[in-house]
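According to TrEMBL, the feature transmembrane segment maps to 42-66, 78-98, 548-567, 603-622, 650-669, 681-703. Residues annotated as domain 'Glycosyltransferase 2-like' in TrEMBL: 363-587.
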Amino acid sequence: MVAKIGDFDGDDRRHQWGAETSTQPLAIMHAKPSPTRVVRGYVAIICTVVSWLIYMITMILSLFVNNPSLTLRFVVEGVLYMTIVTTLIFSALVYLTTRQGALYRFIRHERVPRAMLDDHFAHNYDKGITVLIPSYVEQPKVVEKTIWSAALQEFPDLAVVLLIDDPPHPNNDEARAILKASRELMPKVLAELAAPAERFTKARDETVAALADQMDARRSVVARCAEDYRAAAQWLEHKADTWLVEDHTDDFFCDQVLRGLARDLRLTEQALNESITLQQHVDANRILQLYERLVRIFTAKGWSFERKLYASTSREGNKAMNLNSFIGLMGHSLKRVETSDGVILRDVREGESPDFVMRNSEYVLTLDADSMLLRDYCLRLVYQMEQPGNERVAVIQTPYSSYRGAPTRIERIAAATTDIQHMLHQGMTYYDATFWVGANAVIRKAALDDICVVSTEGTRTVKTYIQDRTVIEDTESSIDLGYFGWHLVNYPERLSYSATPPDFGSLVVQRRRWANGGLLIIGKFFRIVHARHQQGNDVKLGEWALRVNYMASIAWSSFGLMFLLAYPFDQRLLSPWVVLASLPYFSTMSSDLKRNGYKRSDIFRIYGFNIVLLTVNLSGTLKSIQQGMTNTKIPFARTPKVNNRTASPALYVTMPWVIIIYSCMVFYADTLSHNWGNAVFAGFNAIVTFWALTAYIGIWHSVQDMVVGLVRWFFVPIKEPQQEAARKKASWRDALYFGDRQMIYESRPL
């Protein structure tokens, strides 16, 4: 029986009114767009461009050229307003153009038949893939689902490595329990897989001997193969039936990862049984391929790695350096050496026997600890990378989709934006403007070697493959790969899923991270554009526009929206042509939401969602500017948990109230002065923001977080007097290895 728990623990995570009820995800394959839909996309682009041109021409002629009462203030207002309108319409145009590219890709994509995949990986295929799952104080059950989705991937040589980044010596019982459980995950999963792997390996070997020098398989062999496929499906179904289901991600794991693979195996079983019933022959090589598939599904290597146990690895506290620490050791034979600074790992010297021989592989798969992969992910993506013409593809990924059945309204809307972004990322590949999303990706190890940067941290030599200068490390690495002539590709299917934030506090952490770093990376992109021009490899206009918009649109959209909300622009600047220019964008997005299983009216909910996140995006943008001026790395601290939800900083729950109050004041003032355009805009913003505040944050929760933030201002932590740490007496080994580490600090009294 399935242990089903309908609600989360605590009142705040129960299924809210207005949240999703169905956990059924979207189809793996995108529906092929109709010709009418493609034509409508063209019409939307043309209407946007024409409306913007008419607006700019009429404004310049009527307000600047033929305006005898022109003032400096009006000129400044006009230039600022038209700049804001232009940047916002540019982003809308990029959306429409990118979407059009996605439609073309969906039309052209044909799924590779199963037999072609089996044939490609059957002929002494000797390449391997290493799945890296970085984890930092994650709930063990969440990580376990991720490990299972990776371990069940069908690939000839697969290894799963859990990169545990928890403090190795926790100072509280909860952290110790999480660390202990995390360390036990890989052995637990491999132990469960051992029995079916042994059975199917034995069956394969016996079948190879039975079918030696035969063209067609005997019926008894086909019947046994069908029986083994039935046993494999039953094993997966039993695993799903006994899994404790507590939330919608558990539903997804059971129904899509486990039972989805079981349904696929059942289909093969039925086909084999039908061939027996119809007394038709099955090719012997095909039976061997089918057995090879069973063995590969249930066979995996795996272990965990903790970089913080070793003094020779980087101490930077971020996901990128957790990945880099392991990637830098791949392919090395290592010796474990005790020093006064801790245990270090170094390459073996001639004549030494290694303590560790680190696995190397042609491909690396990075997978976030809260993500899951569907069947065939590795197989289909690597197959695509190995097709003729794709030799310079460095990264291939399926931009993650959202788990359906979100229990909260804010998670549902965040999921809607995620599914829209999935489609846009598919369109970016059409213009060769793909960005590495980060939650999951298959990466060619040779490409990582090309962008590797070697540096030092104290006595440590650090190899950096994935840049950690910003907290959106995958975006910067995409630019680096492009400089070396590598390409990135989004595979046009839904094969990966990742969690979306369930409450406003956790959403703040995510979106503030997304808003940080784009302005820093765009400078590197412009330098690379110049370098590629000198090499004769110019960046095309489509790629340039999409990449610039991806990195800078959060900044200009946030500042533009802030000015539109806060500054009383002259009513003469508002024109129906602005509305007409933005209408295709909103109309098209509402249609896309509907096709992704949401409501057309969610376009207004997303607008309110963006307004309550306005301060978050501005904060991330300002952090980028600060980081650029100080040339420092700015990590984001984790926010505390309050009543089973993530508390929000007071600023981010206060500003929506400020926007509501200010919009009401503007509405009242503009109504009195008959400034109807601005009055309607202000009134609409007040209503939408209040609804978003109520639905996504909660009035009581916002008051609670504001009070907590205010109270904290009155309490300053007591600073204990800093005492100079007593320097440890150096041993003779330290003296011979480090030299002088004590006298260099001696100084005259100050």
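Placement of Cβ uses the backbone N, Cα and C atoms for every residue, glycine included.
These numbers come from a predicted model, not from an experiment.
Highest Cβ pair count under 8 Å relative to the transmembrane segment (650-669), across stretches 42-66, 603-622, 681-703: 681-703. Long-range contacts of the transmembrane segment (603-622) within the same chain, counting only residues at least 6 positions beyond its ends with a Cβ under 8 Å from a Cβ of the stretch, are 410, 413-414, 416-417, 504, 507-508, 511-516, 518-519, 554-555, 557-559, 561-562, 565, 586, 589-590, 593, 651-652, 655-656, 659, 685, 688-689, 691-693, 695-697. Taking the domain 'Glycosyltransferase 2-like' (363-587) as a whole, pLDDT averages 91 in the prediction.
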